[in-house]
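Asks: Before anything else, here's the structure in question.
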Amino acid sequence: MTPLPVDHQAIWQRVVADLEKNGLQPREQAFLRLTKLLGLLDSNALLAVPYPHTKEMLETTLRQPIEDSLSRELGHDIRLAITVDEDLRQAVDDDDDLAPEPPVGTRGPGPGPGPGAAVPQTPAGPAGPAVTGIADDARLNPKYTFDTFVSGPSNRFAHAASLAVAESPARAYNPLFIYGESGLGKTHLLHAIGHYARSLYPGVRVRYVNSEEFTNDFINSIRDEKAGAFQRRYRNVDFLLIDDIQFLQGKEQTVEEFFHTFNTLHNSEKQVVITSDQPPKRLSGFAERLRSRFEWGLLTDVQPPDLETRLAILRKKAAQERMQMPDDVLELIGTRITTNIRELEGALIRVMAFGSLSGQQVTNDLAQHVLKDIVPGSDPSRITVMTIIDEVSDYFRISKDELCGTSRSRTLVNARQIAMYLCRELTELSLPKIGQAFGGRDHTTVMHAERKIRTQIGERRALYDQIAELTGIIRKASAR
Ligand SMILES: Nc1ncnc2c1ncn2[C@@H]1O[C@H](COP(=O)(O)OP(=O)(O)OP(=O)(O)O)[C@@H](O)[C@H]1O
């Protein structure tokens, strides 16, 4: 009797349904939908997947449940063999249904609104999570995509290199090293690489980390005797995106650990992207062997944007906030604030907030009035977190310990969030550094505070006034 032809597709569909029923992460479901059952031979099942990353994921976390389910389905023990079949990629690309998640951050055309961020825009404000709620460790900020990034002469090379490494991980440039002064978009590019890579290669493992968090994580892992877990976190990834590497300077043991992390990733052809406020040659406190590795791939800098790019950024930000801003107002802001894009955004937010609070059309006069408080002699390097903490606690008549402590009383939480917001606006410190100054809080807490105040400043007149007043007080105190 001729055996009936085996319908592999039907078997696989039943196995996927069975696995889904037993609770899988959306990403894992997506992996399975990208997978094809090619054949069955005795106790072996051959699966084909489009990308090496998918294979790795299946082999590490999904092998056992798949084998169990296939064994149940076929009534005998099954072992998996997994192969990468590049032909499947075309099918994935052609068939939207096979895409596991809506693409996060697609390639933007540069200035102008672009195709619209595919990333769900997290509502700024208390309800919005600080980072994506995806069930993995990528830790990407949904707002920082290539769609929301404006490229211009000051960052064109860094932008193009970032796109290239996302598209051809470990093949274009490895590592990619982006350096430049504070507030010029390095962090934004790192996150954008992560989002874009994930949209191109579903299942790719991305990890973003600031080097201060890397240090803390490392120290804790030694304390808790969890070195193995630490190494897995940073070495079992396809993209390691490490921000502000200069903060590792002089931390010998952490630098040593990073050196091994780097080598492991580089040797296994995983992409490393590093940002820093200095080029490798000027980074002190790193062994030469590590500094030279930073130069193995591509070095590129980001410069302060020219006027045209500043205007394009302002236009894009205003459009994102759904605000109509007259051109002369944007020009005023763009000509006043020239060196730091974070400050540029901060000024725009204040002008928009003032307009919406006062119910007035935003005019050049109104913008002049608002900017007067923000811009004069602004020298963020002179303003310290300590001054901000001193002045904010004085202002609210609370102690510094209360401001930086853990009490969740409304007044204290509000004052704390205002202080964190002001630290973001008026200093160049990174999120983790600010978090540290406020009783060792996580960087996501600072991010959340910044977003919350940003939203509320345009809704609550009293808050706007407090922040304007405090800015003046802090500037004055720092000028003394
Ligand atoms: N080219 C750009 N287009 C749109 N927004 C930008 C651009 N460059 C920077 N920004 C915005 O400016 C702000 C500051 O940028 P970012 O945090 O990436 O700077 P950075 O260089 O990493 O600074 P730091 O060294 O202080 O961490 C962010 O909100 C970012 O979205």
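Cβ coordinates come from backbone N, Cα and C, glycine included.
Okay, so TrEMBL annotates it like this:
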- GLY183, GLY185, LYS186, THR187: ATP binding site (BINDING)
- 116-133: compositional bias 'Low complexity' (COMPBIAS)
- 172-300: domain 'AAA+ ATPase' (DOMAIN)
- 384-453: domain 'Chromosomal replication initiator DnaA C-terminal' (DOMAIN)
- 1-99: region 'Domain I, interacts with DnaA modulators' (REGION)
- 93-134: region 'Disordered' (REGION)
- 139-355: region 'Domain III, AAA+ region' (REGION)
- 356-480: region 'Domain IV, binds dsDNA' (REGION)
Asks: Mean pLDDT, the region 'Domain I, interacts with DnaA modulators' (1-99)?
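Replies: Average per-residue pLDDT within the region 'Domain I, interacts with DnaA modulators' (1-99): 72.
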Asks: What residues, ordered by sequence, lie under 8 A Cβ-to-Cβ from LYS186 (ATP binding site) and sit at least six positions away in the same chain?
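Replies: Counting only residues 6 or more apart in sequence, the Cβ neighbours of LYS186 (ATP binding site) under 8 Å are ALA158, ILE178, TYR179, GLY180, ASP243, THR275, VAL302.
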Asks: Work out the three-state DSSP category of THR187 (ATP binding site).
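Replies: Once the DSSP labels are grouped into three classes, THR187 (ATP binding site) ends up as helix.
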Asks: When DSSP states are grouped into helix, strand and coil, how many residues of the domain 'AAA+ ATPase' (172-300) land in each?
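Replies: Secondary-structure breakdown of the domain 'AAA+ ATPase' (172-300): 67 helix, 23 strand, 39 coil.
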Asks: Given the ATP site residues GLY183, GLY185, LYS186, THR187, which other residues of that chain have a Cβ within 8 Å of the mean position of their Cβ atoms, reported in sequence order?
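Replies: Checked against the 8 Å cutoff, the neighbours are GLY180, SER182, LEU184, HIS188, LEU189, THR275, VAL302, ILE341, ARG342.
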